[in-house]
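Accompanying notes for the structure given below.
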Amino acid sequence: MAHKGTESKEQIWPYKITIGICAMNRKATSKPMRAIMKKIIDFYGQWVDSFIFPEQVIINEPVENWPLCHCLVSFHSTEFPLEKAIAYVKLRNPYVINNLDRQYDLLDRRTVFKILSDNGIEHPRHGYVIRGRPNEPDTELVEHPDHIEVNGEVFNKPFVEKPISSEDHNVYIYYPSSVGGGSQRLFRKINNRSSWYSPKSEVRKEGSYIYEEFIPADGTDVKVYAVGPFYAHAEARKAPGLDGKVERDSDGKEVRYPVILSNKEKQIAKKIVLAFGQTVCGFDLLRANGKSYVCDVNGFSFVKTSTKYYEDTAKILGNQIVRHYAKSKNWRVPSDMPQPPILDLGLGDDPPMITTPSGKLAELRCVVAVIRHGDRTPKQKMKLIVTDQRFFALFEKYDGYKKHEIKMKKPNQLMEVLELARALVIEKQRDRHQILEKLREGTGEEEIHKSEHDLEVCEEEMKKWEQMRTVLEMYGHFSGINRKVQMKYLKERETKTSDEELRREGPALLLILKWGGELTTAGNMQAEALGRLFRTLYPGIRRTDGKSSPEDTQGLGFLRLHSTYRHDLKIYASDEGRVQTTAAAFAKGLLALEGELTPILMQMVKSANTDGLLDDDCQARLYQTELKRYLHKALQADRDFTPQDYLELNPNGLRAITAAMEFIKNPRKMCHEIAGYVEKMCGVIVEYSQTRPTGSTLYLQESMDLAQRRWNKELREFRRKNKHGEVEFDISKIPDIYDNIKYDMEHNPDLCINNEVEFERMYVCVKNMADIVVPQEYGIKTENKMVIAQRVCTPLLRKIRNDLHRCLENKESEETQTRLDPRASQGIATPFRHVRTRLYFTSESHIHTLMNLIRYGNLCSVDDKKWQRAMNFLSGVTEFNYMTQVVLMVYEDSRKENDEADTGPRFHIEILFSPGLYPCFLTEKERIYETRFNLSTNPKPATSSRSSGRESRDTNDSASSSTEGRRPSIEKVVTVVTPTQLSTPSVTNDDLSISSNAESTAAESTGLVNTTTKTHNDSEDDLNDVESVNLVALDELNNTTKAMADDGKTAKRQRSVTGAEKSMEEGDKPHGEWKGNGVAKSGSQISVGSNEMESNNESMETVGGGKGQWVKDLLDQTKRAMAMNSIREVEPPIVIPTPVPSTTTAVVEDEASERQSRSRRYFPYRFKHHTAQLLTGMSGGGVHMQNRLISTDVLTGKFGDHDNKKNSRKDFGAGTAVLSTAVIARSSSAPRLMTYESEDFSVGEIKRFWPPLRSLETLHDSINLSQFDGFLERLIKGALTPLPSPPKTPLPSALSCDAINKTPTQDEVEKVIGKLAPTSSTD
């Protein structure tokens, strides 16, 4: 025993184990290898030693001359002689860490997949194409536009094409035409690129490839590094196929973050290590659809930058080597040897608390948003009845007789239709030529008459086929997302001829071509900008050293949250191209991606239609059709709206609809006026096209002929004669006309350059009609709104409810969630933070129905003051424009065990809403300016007489005559701003009370200062939306004008002629006694005098190389205005009743025509809301630019609280907001938007930011989660409520006064005569 005790204190190992590193020099001396070997020596130095095989010896010397070692670490890489290493192992028989013979398996992707399959490891479905390989027969590949066939197996796009050899990293991903086609080409990283997008969609024709089914993994790749069967370290990175940009750290290494592996994935790692015989082995995981797929096995690889991984690996390998030799030599295992690690993946820490936008202290857990798509082109379609046998052959080719219709969107299908259209155009031209020959040669009157009729028919058909050809040839290529052809089978039928004879017609095809409705460039930029701004909803950056850091003004906190896999993001979109493209552009801005949208769309955006998530309900659509018929008749009455009409058409008393009805007065006369404007537009396009060079096109390459046909179709379908020969108007076409006029004024303003007065009036008239028609198509009475909304939104509500439940359950068993491993992370201050985000992009119908559920679903108590303010605010919203957002934010206060009455709920929800873009038209901008000019020192609130300019016009009055009569009085109205005073005439026609000082007005007009006070007549809960608008609207950014001159110059403000009452936008002052206040007319528009017009230099630039002299002047005057603020508040207002000729004021009436002509020259720019990133707030003595996304004005009652606004200039640094957002946020914790310096954008870029987005208004900030869950449950259960009978026709198109008085009310005619059977039985 004594001998043994003495021996235990002595060295029990006779010699050290030698580890030999046999690999190419760049691998053997890499940073990870050196770090790991150093750790092994540190931990096990008394038992092991190591050396590196010289590269020259490996390459040039025979294996007999290679140095000896006990343990060999060897692996294949480029130029490594694997066969010599295998021969060395056979010769010397060392202990091998990674099996060298099995490394050949890793070089062939076919073998890799076979081994995975044999071991039951999930992997993508795949097929092989072999070409030109010895001893292997070539396989067959058949390529189609949107799929391929490999040995009889079909792979639909998107699919992945990889070379058979694992050494070849040129991997291609092919996309379907439905998302734009093309391919993403991946390669070994070169500088900061790992892939690029190519428009080519054809697969490679040379070489051998493996084709895999594409697995969308939300733009994330997971790399797993296994060390032995019981240890695996996982890191995630941005997928190289997403945008191709490589994110690198300060050391030049690709940025990756450790993530948690599920138990199943750990088992996969164990299986791979054992199946491939590789102790150190890396492989790639794709997580999708609740599963994890192995798409590649890389063999020997180390983590690049993890110190903890180096230590763990050193202990595992060192322990394994020592124990192997101790066992093989019967040596004693050292008792003091370091033990291998067991990685703890527990999540024990509490998540960090943050301050919510409303001021509460809680942790953000979940964000759910429903967002409407961005700005689009007008949707269009044309119909043709065809009997040509070639179309029947096409119909049969695509199995049309099975369903009696076909839909064609694929490029090859559209090309077939295009070829037929081209052939038919040529044939019709030939037929026309022959008819003209007959006409010239004809002698008899009957023969000439017949030839003339045939010629007319032939030319009409030729025009239709030319239009179809033109539409199909637009853009020069087919993408599959912007055009669609349908063909429906029409059976044989009998028709009556003109002489009452029955004639049997054979079968025919109804050919329907649909185009338009695609996202515009502006819509793309709006979505991307909103994505960038959306980052600021999330927690900001927190420093790891505990020191304070600057406020996160660019959403960097979100980017870090997402890139470090503490953010679970899913984006869903309905199947319309504009919706999916909006979602992709939003994701691009949200995640700071680069490059084309197609790869982003394919990898980040999920189709919501696969499970009917955003589908429409069939019965709801039928019911809406009946509502359209009701509205069609109700808005045909040739009389002013009566009080009864207000009750029937607007039973909920929405301010926006009431204001629109007051504007319209007589709906039939308004329809006549609108029809006259549409007809005028048709003539304007013809005139415009005659003054332009041949081949000139409008926005997005729309030809003049297509634009003319677009408006002619609107006129033809809107104004038509019924079977009695009476003119009637199709009210259902009002939304289409509104889309068209809004689109042309936004994107084709040159069309209106000499007719701005008429088309301003047209826009306002059509908008007010649309403000009635569009929301009422989703229900008129509350019960109708609710039933339709439940039918449409139930699938979405179920999904949202499921999102909330899964977020709160926080199951660790979610296999597909890529989540940061907090135990292995470094340099992250809040590793336990985790946020779940679900974004749903959809069209207008889901927005309207969802908002109806929120309004009328009894979410909150009627006594809730916050909810009252929110409903008052929503009552004034006239439209849910492009990019409308409904956002739910779930917060948790982890300090509370459960919902307690005294401490409040553990989980609460904040509801935010934005109506999207500002209305794009000038009138809305003028209204903003008008309100800015009403100062706090004015003792009377601005009013407007409803009798002024509001009388119904005669049906026969033309648009021009109705405006000309008002011109002289308005042309005298001129507002002139000087550096010292603002002269404001008394405006009887507009009833505007305007007075100010120059500096304060300059600030106010740009949204920098708000000085409107609350009078004793105002209601406490008045919600004047205008007060929330802080918008810098710049005129003439194209080096033509500047809105503020230099200090010694005069900048003039002139009221432009609109000749029309303006529309009611939300909160346009009709609160309290609002029935007595009319809808104010179009007001001010910035223009300039001749001095400014002639100036054409860089001082007019708002941004760019000229450093923005305009901006500097504006900000200088703003600062002076603020400095003089206290003096201005006590001074009486300066009101000059009429313009007086002087050096600083007055515009003579004789100059009116010259000014009007001058304004017309610059008219295209006046129609755009040019917004600059001028975000003002005082930081010390200078100007600090900042911006905000969230407003709490509605929530706090500050929205319209003029007493609070009075001193707003004192709180100037609190953060006024411009660009995309509008409302002054009350809470200092509200997240701020991106900060832009003036040189960040060029003038051209700024001009494309219009119209701006409205801020997210906080509707409620303290809804208990259980309360909201109960609300959703009620709505989902009530979705099977049968639809009530639609309202019957309330009024004929024309009735006598007596008949009108006897007409029953809607309540009387809307008796339920039957119930539609529910689609399914209740539970």
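Including glycine, each Cβ sits where the backbone N, Cα and C put it.
Looking at 166-187, 320-341, 1134-1155, the range annotated in Swiss-Prot as region 'Disordered' turns out to be 1134-1155. Just one of K38, K39, K205, K223 is listed by Swiss-Prot for the same substrate site as R26, K27, R188, K189, R237, S301, F302, V303, K304, and that one is K223.
On a Cα basis, V303 (substrate binding site) lies 16 Å away from D296 (ATP binding site). For the binding site of substrate, formed by R26, K27, R188, K189, K223, R237, S301, F302, V303, K304 according to the record, the largest Cα to Cα distance is 24 Å, rounded to a whole number.
Sequence-distant contacts (6 or more apart, same chain, Cβ under 8 Å) of F214 (ATP binding site) comprise P124, K157, P158, F159, V160, I173, M602. For the pair R109 (ATP binding site) and K223 (substrate binding site), the Cα-Cα distance reads 17 Å. Its own atom aside, the Cβ of H169 (ATP binding site) has 14 Cβ atoms within 10 angstroms in the protein chains shown.
Each of the binding-site residues R26, R188, K223 was ranked by the number of other C-beta atoms within 10 Å, and first place falls to K223.
Secondary structure of the region 'Polyphosphoinositide-binding domain' (355-426) per DSSP (helix as H, G, I; strand as E, B; remaining residues coil): 29 helix, 26 strand, 17 coil. Here the region 'Polyphosphoinositide-binding domain' (355-426) returns a mean pLDDT of 86 for the predicted model. The binding-site residues near R188 (substrate binding site), taking a 10 angstroms Cα-Cα threshold over the set H169, E212, D221, N298, are H169. Within the same chain, residues at least 6 positions away in sequence whose Cβ sits under 8 Å from that of V303 (substrate binding site) are P32, Y225, H233, E235, Y309, Y310.
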